[in-house]
Amino acid sequence: MIITIFGPPGSGKGTQSSLLIAKYNFKLVSVGDLLRNIISSESKLGKGIKDTVESGNLIQDEVICKLLCDQLALIDGDFLLDGFPRNLNQAHFLTQVLQKRCNRDVDLVIELQLDDNIAIDRLKDRLTCLDCKSIYSISSFKNTTCAKCKSTRLEKRIDDANMLAINKRIREYHSQIEGLREYYKDKLLTINANLSVDRVMQEIESKISCNLI
């Protein structure tokens, strides 16, 4: 099975993806993680991507699609795509790549729907472990080490540090989502991401189970 999960910034894509791959034994392809790894390499490409991300702009489709294509070449079997596609052009690209590689397409699409004000509050309060990608709330997590992997490398993500960039990312998401909904309308599962992590996971599991019967 091939599942993709998308939603606005702060909707919990990474958190829910981690829970899903643990439960269903999927492999994970996270576009966000791929980009952050390149940024941390401090290569010429990484510096260019960092500047784009800090300004709240989206990475060019050709860069994203090339990264994804390289990653998919390493994966067999069931997998989950976190944060891709982000627009209709990327959706068409994904269909073409999957059909060419394995004569398949995406089976299920999970859309996490989140109110803008909640998204902004979450992003302003988000703290990320750079090593295991665990996410914490700055206002409630007072430790200096990650509870999961004990790393001390806890930081705000560069794309969460600027309110103008946050608002721009949210606006950009809304400008693209209708095209994706229409493209995947027969495979789309809509989830209320305003709820707690556990409640969101329960809703996703329930809807996935119905589609597996």
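A Cβ is built for glycine as well, from the same backbone N, Cα and C atoms used for every other residue.
Residues annotated as ATP binding site in Swiss-Prot: Gly10, Ser11, Gly12, Lys13, Gly14, Thr15, Arg126, Ile135, Tyr136, Leu195. If you take the C-beta of Gly12 (ATP binding site) and look for same-chain residues 6 or more apart in sequence within under 8 angstroms, you find Leu112, Leu114, Ala193, Val197, Val200.
Summarising the annotation, Swiss-Prot assigns region 'NMP' to 30-59. Distant neighbours of the region 'NMP' (30-59): 13-14, 17, 67-68, 71, 81-84, 86-87, 130, 133, 157-159, 161-162, 164-169, 172; these residues of the same chain sit at least 6 beyond its ends, with a Cβ under 8 Å from one of its Cβ atoms.
Cβ neighbour count for Gln90 (AMP binding site): 19 (other Cβ atoms within 10 Å of its Cβ, all protein chains included). In the three-state DSSP classification, Gln90 (AMP binding site) falls within a helix. Swiss-Prot lists Arg36, Asn57, Leu58, Ile59, Gly83, Phe84, Pro85, Arg86, Gln90, Arg157, Arg169 with the feature AMP binding site, giving sequence analysis as the kind of evidence.
For 125-160, the entry in Swiss-Prot reads region 'LID'. Panel annotation: around the region 'LID' (125-160), residues 9-10, 14-15, 18, 33, 36, 39-40, 50, 53-54, 56, 166, 169 of the same chain, lying at least six beyond its termini, place a Cβ under 8 Å from a Cβ of the stretch.
The feature Zn(2+) binding site is assigned by Swiss-Prot to Cys129, Cys132, Cys146, Cys149. The Cβ of Cys146 (Zn(2+) binding site) has Cys129, Asp131, Cys132, Ser134, Tyr136, Thr152, Arg153, Leu154 as same-chain neighbours under 8 Å, each 6 or more residues away in sequence.
Ranking the binding-site residues Gly10, Gly14, Arg36, Gly83 by the distance of their Cα atoms from the Cα of Cys149 (Zn(2+) binding site) places Gly14 first. Residue with the densest Cβ environment among the binding-site residues Arg126, Arg169: Arg169, by other Cβ atoms within 10 Å. Here is what falls inside 10 Å of the CA of Gly83 (AMP binding site) among the binding-site residues Gly10, Gly14, Arg126: Gly14.
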